Amino acid sequence: MNFFQAIFLGLVQALTEYLPVSSSAHVRIVGDLMLGGDPGAAFTAIIQIGTELAVLLYFRHDIWNILKSWCLCLAGKEGKDRASRFGAHNKDARLGWYIIIATIPILIAGVLFQHAIETTLRNLWITVAMLFVFGVILWIVDDRARQVKTLDDMNTKDAIWFGIGQMLALIPGVSRSGGTITFGRAMGYKREAAVRAAFLMAIPAVFGAGILEAVKAIKDVNADAMFPGWGATIAATVVAFVVGYIVIIGFLKFVSTYSYKAFAIYRIALAVIVAILLLCGVLSPLEGIPVSGNA
């Protein structure tokens, strides 16, 4: 992978990270078409840090209020009893706890199934299946679900379900925002509330994965044939940050007015196109992916 290819993949990451269309699937597919192989889990995870930095910037006031309230409640400033420490009287502190709860499923699954995530699950046929299946589910759920809940209505059970939706995004093709948004809409959350939940809940998981992959890449940089080097990777991450911030603004305006139907149709169409390319031999389902039997 050369410098300009890395930059282009950073742009693809930024344009697709927040939309329920699976950024990892797009980076994987575009990488295969452009490079003849998978760009790799390390590069993908690192450039995702750029898009998450854009989330931090856009939601900086929300994040500050959540962190401040969470720390104050935990320190007993809202009351010394257990309920007060867990945000019983402070909605921002409660949301902080719910974000932590929603992070647990993806953390556990990421550790237990790390090798499969980096090998077997990156098979393009799996990506095609997930694009199609979750496209259909998103279409049905968004069309039939109520729009009654806001983030203030969240409870522990909802946080767990949000977390499960986010956990499924470890499979390329599901989409981190798509999984979280779909589960949120199924529980009756308004479209904008589901999107905000997806953005906020992704921060710990994506930063954690990105940092771990960065550390691993430093150790094994010579073992990854596709890794473009740190200069190109950092540049791609910056592109993902700048373009990603613009996409956040546009996406939030879009979902406040329109449904997710267009994204569902796009997912289904993309799945069909990629399946055809796989059947015709233009794309290889396993090209550039490490053999799953290797440690």
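Any Cβ shown, glycine's included, is placed from N, Cα and C.
Bear in mind that TrEMBL entries carry predicted annotations, made automatically and left uncurated.
The feature transmembrane segment is assigned by TrEMBL to 40-59, 95-117, 123-141, 193-212, 232-252, 264-286.
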- Same-chain residues near the transmembrane segment (193-212), Cβ under 8 Å, at least 6 residues beyond its ends: 18, 45-46, 48-49, 51-52, 55-56, 58-59, 62-63, 66, 95, 99-100, 102-103, 106-107, 110, 149-151, 154, 162-163, 166, 176-177, 180-181, 184-185, 248, 251-252, 255
- Counting only CB pairs under 8 A, let me know which of 40-59, 123-141, 264-286 has the most with the transmembrane segment (232-252). 40-59
- Task: Report, as numbers and ranges, which residues of the same chain sit near the transmembrane segment (123-141): CB under 8 Å and 6 or more residues beyond its ends.
- Result: 20-22, 25, 28-29, 32, 171-175, 178-179, 181-182, 185-186, 260-261, 263-268, 270-272, 274-275, 278, 283-286, 289
- Message: For the transmembrane segment (264-286), give me same-chain residues lying six or more residues beyond its boundaries with a C-beta closer than 8 angstroms to one of its C-beta atoms, as numbers and ranges.
- Response: 20-22, 25, 29, 32-33, 37, 123-125, 127-129, 131-132, 134-136, 138-139, 142, 173, 178
